[in-house]
């Protein structure tokens, strides 16, 4: 079985989804909400998403890729939002391997080499 | 005896050393660094800055107990970083006790959870390991988690944990393999004892612990374990903190003793047996006196060996390339440019003979070496007046000569020692010791009373010492020190 993608929005849905996949490697990309035309308020997320998607085929078998929209810009700017508080996210986009300290933040997500390293190496 | 290689004055050589001749097509890399610790990583990243093709090989042979760790070397994984965090955990315990006197009220008894602390510490270390990997990949340094050994003058064999072997060639090499804890060589040591390599990731609370050794590793570990509420005993063969100012070493020992650490002096373990299995189990230690025939026994949940560290230089093929090592200690002698007797092979860090075993020293040496090799720089690493701090429960910061070494070098009549006890203001309200913190400077009378030794025992000793180290490097004299107005109320004003 290869890898699979699921899309969520907001913190509670993210947590529920991550828990439901407990036992499998989970990778998550956190981005700002998209408008009606499908464009995010977060310009770095717009740049990062295609880079990350291009590397998805490197995901290990059985793994899950959660694409998570965090909320609107005002929600994200609040220093107490649940993603900052509980998941210790410091910026969007963030690409991480759930349950490990391995993550790429902001411009690091633009680099295919680093994304590939996160997906394929221990 | 060992000869360090003497470079001949040779313009061709100078050009090569400054990286101005092209790398022969036949080498895979400009530079291979063996060891991804403080010295190795600093050197590799610096070389990448100058556009060199660099590879880092890092591999951790698991401990007898099976512990292993990621990229970053001793400091990050099983040294300075986890040590300071656990020392901080112990200090916070003390602060909680003090806080009641400052008006904080909490009715619950304060207890410590080893697993919570260890998980947080290991999580942080994991983020550092990852950070190094991102940093290397970003600067295009090739990293392989493989054990490197020389098989030819310019060839390294790298074996990964699955046993797969690969060969790589390079024009130059830097050996930065560091050290690992020494074992006693007595029955039961490898089967039942742990070392600092295991302590910081121990998946269970160590319980009643015997620490064997009197090094700073032994005393720092004993110190924080006791601070976390554990029953700790330190077994010392002879003196505490060999190589450090003994006046200060004894004060550290006294403080620890008065604050609940047991000391067994002038004994060495001769066997360790298992009484009960478990996590932790129960071990029986038999020890013999160093001054007579007396034997003693004791039971402990954990036995932590901290009797010294040995360089990882015996099994990396140095004999195949003719690099001299000190056969007795395993250390590598180098000239003042960190070059071994083989011109294209260099070494940095703890493995160097006659140099300080400190992370910042390794980093500095690694960076300056690479700048000399590839950027035409000439600055050499300054190993004099390097400040250090021992993070025992009462911290000890030092820079320069110990009192004994100053007397030996300059003569007792030519040095003047100024000293003072002090009572940190923060300790007054909670009624903590008023006569334990101590500061001393050693001055060279014949050189304008230049400060040649600085020693301080008290809270935040590391922070205090750093600034004075810079002053000493500038040639601080007693008069200048006296004329510097103090900051009040802080410990450093003493």
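Cβ coordinates are placed from backbone N, Cα and C, and glycine is handled just like the others.
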**Asked** If TrEMBL says B:213, B:214, B:215, B:216, B:217, B:218, B:219, B:220 bind NAD(+), which of B:126, B:308, B:317 does it name for the same site?
**Response** B:308
**Prompt:** With TrEMBL as the source, which of B:1-21, B:22-42 is set down as region 'Disordered'?
**Reply:** B:1-21
**Asked** Whole-number Å distance between the CA of residue B:215 (NAD(+) binding site) and the CA of residue B:80 (disulfide bond)?
**Response** 14
**Complete:** One residue among the binding-site residues B:213, B:308 has the fewest other C-beta atoms within 10 A of its C-beta, namely B:308
**Item:** Which of B:80, B:217, all recorded positions, has a Cβ with the fewest other Cβ atoms inside 10 Å
**Value:** B:80
**Request:** Just name the winner among B:75, B:219 (the recorded positions) by count of other CB atoms within 10 A of its CB.
**Result:** B:219
**Prompt:** Long-range same-chain neighbours of residue B:350 (FAD binding site), Cβ under 8 Å, sequence gap at least 6?
**Reply:** B:39, B:74, B:178, B:179, B:309, B:311, B:357, B:362
**Prompt:** In the predicted model, what is the mean pLDDT computed over the domain 'Pyridine nucleotide-disulphide oxidoreductase dimerisation' (B:386-493)?
**Reply:** 92
**Asked** Would you say which of the binding-site residues B:84, B:215 has the most Cβ atoms within 10 Å of its own Cβ?
**Response** B:215
**Prompt:** Is residue B:75 (disulfide bond) helix, strand or coil when read with DSSP?
**Reply:** helix
